[in-house]
Ligand code: BG6
């Protein structure tokens, strides 16, 4: 479905009402790290698509800030190429969007730079009519978060609703520290000038459609929740397998490894959505309260439990390409013990989940990219077909697919047509791609939109961050400091499903 909105032709499909949002406050979006990859590849293209679909406020201005000495036109030329590949639009539409873009060169550690930026934003805001509303997005390496947040504050740019200021919000990306202590230090520094409601900590997994759908599936349907517990569920598997390696991020990854990179954030968020209790309202603080409660119910890891398999990819073949092992990647120490794969078995200590294992698996350079959540139900308590069929009846399974397909599949038993009694497993399928033909919001579009709306639902709250670190920091310390660290790290071939030690569990999740 196409529609003309504010003079622009938009392809809104049948989800028009879900994509466009009314009453967005006018604002200036200020992106620090504007010459970097995240801005060019993700943030500005997301803003461009939002603008095409009329989901940006009007008026709005976008200011890129970085150390690089760009003129405004150089900045615009740099990002044009990426934007034009992400949407099919006429040159005139690009020109209209480009008119929203500005560039301001800053020295991140110079207060004077921020004082000048303040004047620039004041004039821009007055010319555009953005009522002093400001969204600061820190698309910079994490070690700069404190410095930039501090200078924004010292320049008097973090105030909300004072001296004709509107709102002021700060967006940061993971990693939020590298353990409990550093995350608390980072938080203290952000809170010097910003209050908790002003801070938006992104987890892009929460903005994926299928992930957002988990709460709807659980709590907007009467048929699942009564079964969603230890009486009916055998185990839960959450898999985020990646085919890519560490790209050009060895500096970051060597210090991070898979547990910090994927588990402390994305994997724990998925776990919390599957396992949390129903909040009383679909409202950010109540949802985040329930997640926090869930994190607090997870049993701490102890070395003895044998609930952890760590791995590191060796050389292998993906497609027809020979892939070097992790140790052969540029920038990786030749004797590095950084894990690129982990299988963690979580136990949740509450009445609902007592005794149900939650297997969380993530790794780089695996056979294919696949992200899914498997809810494996128990077998029927008594099979009246056993004598006839001489086989056990497969248990039901609900699969929430996040990648490559986005959808939900419920498998169940049916009788095969014919004279003899045979059962076969059939799938009931719901596919996002097939059911919705219209425009949907990509993760960064959703995230930016929610920041503009001031909705914290899809963002981490600091108490959640700390709880997640409290849970994983002892595990990280024991993995990183134990004497037989090398023996505990299983090598797996690039292009495989991970180390042999994890094969049984992986099989349970991908089969
Ligand atoms: C990022 C990690 O947070 O998530 C990356 O830093 C990882 O290492 C990425 O590749 C995975 O995200 P997605 O959306 O591709 O599954």
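Glycine too: its Cβ is placed from the backbone N, Cα and C atoms.
Note that the structure is predicted; figures quoted are calculated from it, not measured.
As written in TrEMBL, here are the features:
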type: DOMAIN; residues: 30-213; note: domain 'Glucose-6-phosphate dehydrogenase NAD-binding'
type: BINDING; residues: 67, 174; note: NADP(+) binding site
type: BINDING; residues: 204, 208, 242, 261, 364, 369; note: substrate binding site
type: DOMAIN; residues: 215-508; note: domain 'Glucose-6-phosphate dehydrogenase C-terminal'
type: ACT_SITE; residues: 266; note: active site, proton acceptor
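Projection of TrEMBL feature records onto the structure.
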{"residue": "67", "record": "NADP(+) binding site", "Cβ within 10 Å": "15"}
{"residue": "174", "record": "NADP(+) binding site", "Cβ within 10 Å": "19"}
{"residue": "204", "record": "substrate binding site", "Cβ within 10 Å": "18"}
{"residue": "208", "record": "substrate binding site", "Cβ within 10 Å": "21"}
{"residue": "242", "record": "substrate binding site", "Cβ within 10 Å": "20"}
{"residue": "261", "record": "substrate binding site", "Cβ within 10 Å": "24"}
{"residue": "266", "record": "active site, proton acceptor", "Cβ within 10 Å": "22"}
{"residue": "364", "record": "substrate binding site", "Cβ within 10 Å": "23"}
{"residue": "369", "record": "substrate binding site", "Cβ within 10 Å": "12"}
**OP:** Mind computing the max CA-CA distance among 204, 208, 242, 261, 364, 369, which the record assigns to substrate binding, rounded to whole Å?
**Re:** 20
Original post:
What Cα-Cα separation, expressed in whole Å, is found between residue 242 (substrate binding site) and the residue listed as 'active site, proton acceptor'?
Top reply: 13
Original post:
Checking the binding-site residues 67, 208, 364, 369: which ones have Cβ within under 6 Å of ligand 1?
Top reply: none
Original post:
Just the number: how many Å between the Cα atoms of residue 369 (substrate binding site) and residue 174 (NADP(+) binding site)?
Top reply: 21
Original post:
To the nearest whole angstrom, what is the C-alpha distance linking residue 364 (substrate binding site) and residue 266 (active site, proton acceptor)?
Top reply: 15
**OP:** List only the single closest residue to residue 208 (substrate binding site), chosen from the recorded positions 67, 174, 266 by CA-CA distance.
**Re:** 266
Original post:
How many Å separate the Cα atoms of residue 204 (substrate binding site) and residue 266 (active site, proton acceptor)?
Top reply: 8
Original post:
According to DSSP, which of helix, strand or coil covers residue 364 (substrate binding site)?
Top reply: coil
Subject >> Integer mean pLDDT for the domain 'Glucose-6-phosphate dehydrogenase NAD-binding' (30-213) >> reply: 93
